[in-house]
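Checked TrEMBL, it gives:
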- 15-80: region 'Disordered' (REGION)
- 21-38: compositional bias 'Low complexity' (COMPBIAS)
- 39-51: compositional bias 'Polar residues' (COMPBIAS)
- 67-79: compositional bias 'Polar residues' (COMPBIAS)
- 84-134: domain 'Phorbol-ester/DAG-type' (DOMAIN)
- 154-271: domain 'PH' (DOMAIN)
- 297-588: domain 'CNH' (DOMAIN)
- 644-657: domain 'CRIB' (DOMAIN)
- 680-763: region 'Disordered' (REGION)
- 699-710: compositional bias 'Polar residues' (COMPBIAS)
- 747-763: compositional bias 'Low complexity' (COMPBIAS)
Amino acid sequence: MGISVKQLNSAFDLEQQPLRHQLPTSPSSLSQQSHQQPIYSNQPSISSPRTNFPPDDGFDRKHSFSSRRSNTSDTSMEYSSKRSHSFVVRTFSTPMKCHHCTSLMIGLTRQGVVCEYCNFSCHVHCCPKVPTHCLMPGEQSKRPLGIDPTRGIGTAYEGYVKTPKQGVIKRGWMRQFVVVCDFKLFLYDEERNNGQPSVQVSQVLDMRDPEFSVSMVRETDVIHANKKDVPCIFRITTSLINDGSKLITLMLADTESERSKWVTALSELHRILKKNSLPNTAIYRVKEVLDSSLSIIRNSICAAIIDRDRILIGNDEGLYCVELDCFEFIRIGESKKIIQIWYIQTEQLLVILCGKQRHIRLLPIRALEVPDVDWIKVADSKNCSAACTGIIRYGAPQNIYGLAIAIKKPNNTLIVLYEIDRNKQRHHKLFEFTVNMNVQNMKILSDGRLAIGYQGGFTAYHLQADAAKMPLVHPDNNLSHFLTYSNIDTWLVVEVNSSQNENNDSGESNEYLLVFQTLAIYVDQQGRKTRSTEIMYPATPTFITHENEFLLVYSEMHLDIFNIETTEWVQSIGLKKSKPLCNDGSLTMMMMNDSPYIVYLANMINREILDTGSVERSIPRRRFSLRESSRMRTAATDRRSKMISAPSNFNHVSHMGPGIQQKFVDLPTTIETADLVDGSGVQQRASLRQAPPRPTTMPPQSNLRKSMSNVRPKDTPPSLPHSPSPLGSMSSLAESILKVAERQSESLKSSRLSSSSSELSES
């Protein structure tokens, strides 16, 4: 259905009569699969800003609550004004809206709850706010659905558009379902088998973005589009890289009038958003660090931030140190595949998982400064499937760090714990134990336990010889059977430092976030569920990591950030085909225009740990150069330091007046050229010092004149080899001046000798 600008303005005015979505008025019209009509339709529609129920409606909010994984059960449709809701957790296969707040129920599984009697569906966190008793169908139809601009909650607009395949118009257009909800644009792909929207969100565009704008396009903006489609195309712009590239999303409406409706509706919603001054919850700014001009980033696997000007990059060819301030990079060690890097800053030690056979190596940080630093091999670490570092013992004067590795065996997995020390080998073994599972991830907890993740759950082991274990999902937890049956992969465990734990002086966390492939749940130390709310991902994760109190969920088309303490979805960034290189995601690789980029996720709350100013100020962009080796640089430094004290007498400089022709030469910068120059210099000086032998008998005058006429001044000795960068020390300069002065003295003696010979002949 269409709507004019006047109707749109009145629809978004809180004092005007709202336009309403009509819910099913009879039980037979409800979906047999999910007991709720899907929100998608063939034409765009718009909803008004309204909340559904007053905060205090006098109802006793007590509901029966259970969990069901399937959404295909056939429940009875008996309505009664005295019957209480009986909610069950459901998994929806298409996008659904909450009947209470009208927002989308985002997630891949267990997105919301549905009443078995009246089919009232809502979020889990909205469940305590709804009326206790079931609503009659007539009462349900009176409920307005829309958006509340004061809170930014609800669905405002929805419809079908077409977007370029993989962001390129030449590859064609694909049909997508778009929902404007919570001041975000959710784009859903169509399922191939039934043509309905997928439950996974293909792309998210946030209207709170400071660079958000919607506009029509000209023919020059879309040169690869069909001319007849240009009047139906509009574009949405959002920020991507800080002070750099923008993310432009093109959309093709069915008709030109539909295009106008989309542009008008989105522009008006953006105006409403700015008018109500809703806070921007963004946490990260994306800053470019390296682009595709540096070849080593094309196959990057991992990275680590060493300090504000240096980063390490590991790829299939080895380990590289990149110095951002001087635009140089250098290879560290041998050509060996680097899989993962951990940096223990307190111990100035790198822990590296490398090689085709997945060995663990230790590397002191001084290897970045000094050549020939040996990599320390951790014995019997072949086939390492997972590893982690952390504090295993707190105390004065310093905390003790440990290294835990999981080694895959034919029938089980061996867990070995090492203590990081400051001896020559930098580690020693504490104990080991075996587990009958394939370890996917590990984490050393602050309470002295080692959390191990595997398919279907997590288990915590005490870091002692007996390695007593405790499952982090308690058998009484209603999710225990669901996780075991689903056999879901695990990503990590996060210790939650919420306000509930502020009075905890022991340094231990009483709450953990268990991150699975399809959702994340909160449990206590015994594995019992602490919150009814779960973190739901809008799309299937490709990588998941966390930094401080934020969970970073990577997917194919965007990066989503969740606040771990509040479970709030705070930001979505359109990084395509992105993956974290650091363990905390601060360095991330992304694709832009089919080229790889390494970007830095700068936390706007905390102090930045990487200085990208030199890269940002380099316009046009400077290219990084490969330093030959740290050995050469160190050797040149040593040579200059040895020659800095000689010679000690510089009086000869004062003897060189304006009448003497001076010849300036470039000075050597390497040992090889210096040795070559020194040798040739000695030979030249030796030849100049050999005066011609004095004749024993006086030759005839004619022959003497003839011989004297053939006398020519000797050629000037060749200059020292030219160096493109003369950076010699003061001692090298003094030595060169001595050579020139000595040559001029020899030349003066030769001229005097020739003049005396001529005088003798005349006499």
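Every residue, even glycine, has its Cβ placed from backbone N, Cα and C.
Because TrEMBL annotations are produced automatically, they should be read as predictions rather than curated entries.
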Using DSSP, how many residues of the domain 'Phorbol-ester/DAG-type' (84-134) fall into helix, strand and coil, respectively?
3 helix, 15 strand, 33 coil
When secondary structure is assigned with DSSP, how many helix, strand and coil residues does the domain 'PH' (154-271) contain?
28 helix, 55 strand, 35 coil
Kindly state the mean pLDDT of the domain 'CRIB' (644-657) in the predicted structure.
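When the pLDDT values over the domain 'CRIB' (644-657) are averaged, the result is 50.
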